[in-house]
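One structure below.
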Amino acid sequence: MSQLLYMSQAFYLPGLASVTYCTISAESNNCQTNLMVYVNRLNTVENIVPYEYHDFDFCIPESDVANSPTENLGQVVFGERIRPSMYKMNFSEDITCRQVCEKTYSKEDGKQMEKLTFLKRGISLNYQHHWILDNMPITWCYKVESGDTYCSTGFPIGCYVTKHSKRKDTCITLSNFKDPDTYYVYNHVDILIDYHPLSEEDWGTQHLGKGGRIVTAKLIPRSINHQDKPDCSDNAPVLGIPGVQPDKPIKIKYTYSVKWTENMNIKWTSRWDYILDSMPHTNIQWFSIMNSLVIVVFLSGMVAMIMLRTLHKDIARYNQMDSMEDAQEEFGWKLVHGDVFRPPRKGMFLAVLVGNGTQLFFMTLITLVFACLGFLSPANRGALMTCALVLYVCLGTPAGYVSARMYKTFGGEKWKSNVILTAFFCPGLVFAVFFLLNLVLWAKGSSAAIPFTTLIALLALWFGISVPLTFVGAYFGFRKRPIEHPTRTNQIPRQIPEQSLYTRPLPGIIMGGVLPFGCIFIQLFFILNSIWSHQTYYMFGFLFLVFIILIITCSEATILLCYFHLCAEDYHWWWRSFLTSGFTAIYFFFYCIHFFFTKLEMSGFTNTFLYFGYTGIIIFLFFITTGSIGFFACFWFVSKIYSVVKVD
């Protein structure tokens, strides 16, 4: 089982082909000789707002935007901004201390000082570079407390020593970083590239040993105070920028070195493994799966006991009743057979939520299947979000069909209002909050701010594809006959007896979300880490299993509580079934609050507003998805038990 999961996680994206590189002497149409480092946006765990590479006044080529690679929809939505850099090299040619550019900051020039202030702020907040070579991240590998090696996909732009001589972040790694109130810039990088040479079958004997494919790309950031001539020796002095305004102009020379090494042990197809293997989460994931399975077995046993023992005896006894006197002795869930299918209050709104939840459920399920098959690997940036958006747009038909069919079953007649709410309410609410958060990012000049043209494209997808498909689904839904219930509904509603504490609506709803949340909270930690701590998430095999377990636990917990409430002669189960499993989202929200205050280092109104704004969107979508799972499970259960009972 573990081997299958590993294969599902490590399976490489078929659409990304390898690139063969060769030396200049062996140049041909089948290989490339030169390489360029691409730079992505810079981010930090201390601030939600990311920035583009050129915002920090680093070395950038002319017309970097025009020569940038094409970004897909998912990359734009996630705020990735990949740009070409001035760090270039040829295959298998080592470089020693090559200068890229030089930046000068003088106190007489106000614009230069603004750029220097912004750079120092980025250093103090520990903003991270993200570089790309041959479509894989250039990693910074270092030892952690346990003695293992951790390979990060980003590296800091510098480090800061406070006024009280406290060395922050990476300043603790070198004793030369000691001057108080000083910003040390990592203006030099040693890039270490391993390549796997091509065999005779791949390359032929003519150019054997002159080509290969890149399998690892690592770097070591350093701070060097270059003098007139670049000096990248190990004993070179470090470059520190004082916190106060400098009297003399500050000059920063950016340099780099490149070292190529032949590596026969790593193949191109497994070149991401050293990054993913440095994240030792597999044991924790298996613990999470086993913990979830225990809960599933417990719930399944409870439901089986109800279905096979209690219900079986009840149904057998009720079906043997022949006289009216026996019928008057009915008790428990059989007593409410004439009211159990009474349409709920606000039935249109419930139908709208269930329809949108169905759309999100199928979107999530199909996306996870694609991810498990390897089509959404980390190498294909933005593919996960692109797939999710496209699927959501194309799944408008099930949303309209389910919403219309349920609303018609409830006896609703305002079909126009139902269709419009299904097509616009949930997506419109999410888009409105998303647009508000995007305005904040626009005001901050962040790279995460989605361009206006992309917003227009998203609206075009919504109004041009999703809305018409929702109307088509609603058309077929309203044409179908209402779902027939196994029992007739009484004209006069039955009075519900006074309920005990544990059978009242609110305690039942609160209890219903505990077990599903217990199955997923460990997985939530890794998901939130990937979103807010900028770690690579690749364990889609585990995520798919947890999603299946979530479906089972939401269904069984809702069925269990629904049975208890029906036995207490409370027949208001429509909304309660939706809210019982949907309450898992409330526990999710509390966990997000805990994560924000204990795991993240963010502060300030903007960070708090953005974090809880995006979290609110996730919680709302999670709420209607899990709520719909519980609703359909309970609908099946109630229809099933009353369909096998003889009703006069």
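One is the number of the first residue shown, and numbering goes on along the chain from there.
Cβ atoms are placed via backbone N, Cα and C, with glycine included.
Going by TrEMBL, these are the annotated features:
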- 286-308: transmembrane segment (TRANSMEM)
- 349-376: transmembrane segment (TRANSMEM)
- 382-407: transmembrane segment (TRANSMEM)
- 419-443: transmembrane segment (TRANSMEM)
- 455-478: transmembrane segment (TRANSMEM)
- 509-532: transmembrane segment (TRANSMEM)
- 538-566: transmembrane segment (TRANSMEM)
- 578-597: transmembrane segment (TRANSMEM)
- 609-638: transmembrane segment (TRANSMEM)
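Of the two recorded stretches, the transmembrane segment (509-532) lies close to the transmembrane segment (578-597), with three or more CB pairs under 8 Å once pairs fewer than 6 apart in sequence are set aside. Non-local neighbours of the transmembrane segment (455-478) in the same chain are 73, 389, 392-405, 408, 415, 418-419, 422-424, 427, 431, 435, 438; each lies 6+ residues outside the stretch with a CB under 8 Å from one of its CB atoms. Touching of the transmembrane segment (419-443) and the transmembrane segment (578-597) is ruled out by the presence of fewer than three CB pairs under 8 A, sequence neighbours closer than 6 excluded. The recorded stretches the transmembrane segment (609-638) and the transmembrane segment (382-407) do not share 3+ CB pairs below 8 A when only pairs 6 or more apart in sequence are counted, and are therefore not in contact. Listed as Cβ neighbours of the transmembrane segment (538-566) (distance under 8 Å, sequence separation of 6 or more from its ends, same chain) are residues 4-6, 8-9, 276, 281, 285, 288-289, 292-293, 295-296, 299-300, 302-303, 306, 332-333, 336, 340, 364-365, 368-369, 371-372, 376-378, 502-503, 508, 511-513, 515-516, 519-520, 523, 526-527, 572-573, 576-577, 580-581, 584, 626, 629-631, 633-634, 637-638.
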